[in-house]
Amino acid sequence: MDIERHTETNPLDSSVPNGHPGQQNNAAHNKCLSYKAVAAIAAISVLLNIVFIGVVSVLAGQTSEQPSTPCPSSCPSSWIEYDGVCYYFSKGERNWTSSQHFCSLYNALLARIESKEKDAVMDYKRKEPYWIGLTRNSGQPWRWLNGGNVTLQFLGDGENCAYLNDEGKASISRCSIEHRWICSVEKSRWDMREPVLLY
């Protein structure tokens, strides 16, 4: 008689190669945890990148909207600063109009020289006449180019442009005579673009 052996098989046993069902559950559980950890790290990384990009965008937008007004830290090259004003002492000579044109290229004027500036100017000026920013129309009072009233005493009469003589006194001359010149501009107002001089 044949006796059939009937053994019960555990369904978990058939899928486990070593016959230990707990090992498979632990392995599956560990895989699930490692996938969850990787997914969590990836999600955090994406969020941090989004926040970083947002902050950079906001900061870049703020800086680009601000006007770019440079703060000059010094006078143009070859100019001298005294009491917040930049002065240029020419080496060449020009007539009064051409001298003023040169100054205007730097957003400056022929210099206004009053008593407080006079000492500083005399330290730098050579024993040569220099055009300054005084002029008048025939028969009219003298005016500084910036519109200020004149307190200097003049030497001479009858002409319409003024210069500082070798003693530092205001003297009168024809505007067509060529002298050296002095430009001045407040340090905060000079045009930072160095002009291209064609002459």
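The backbone N, Cα and C atoms fix where each Cβ goes, and this holds for glycine too.
Record features (TrEMBL):
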- 1-24: region 'Disordered' (REGION)
- 9-24: compositional bias 'Polar residues' (COMPBIAS)
- 37-60: transmembrane segment (TRANSMEM)
- 82-184: domain 'C-type lectin' (DOMAIN)
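Under DSSP, the residues of the domain 'C-type lectin' (82-184) split into helix, strand and coil as follows: 19 helix, 33 strand, 51 coil.
When pLDDT is averaged over the domain 'C-type lectin' (82-184), the result is 86.
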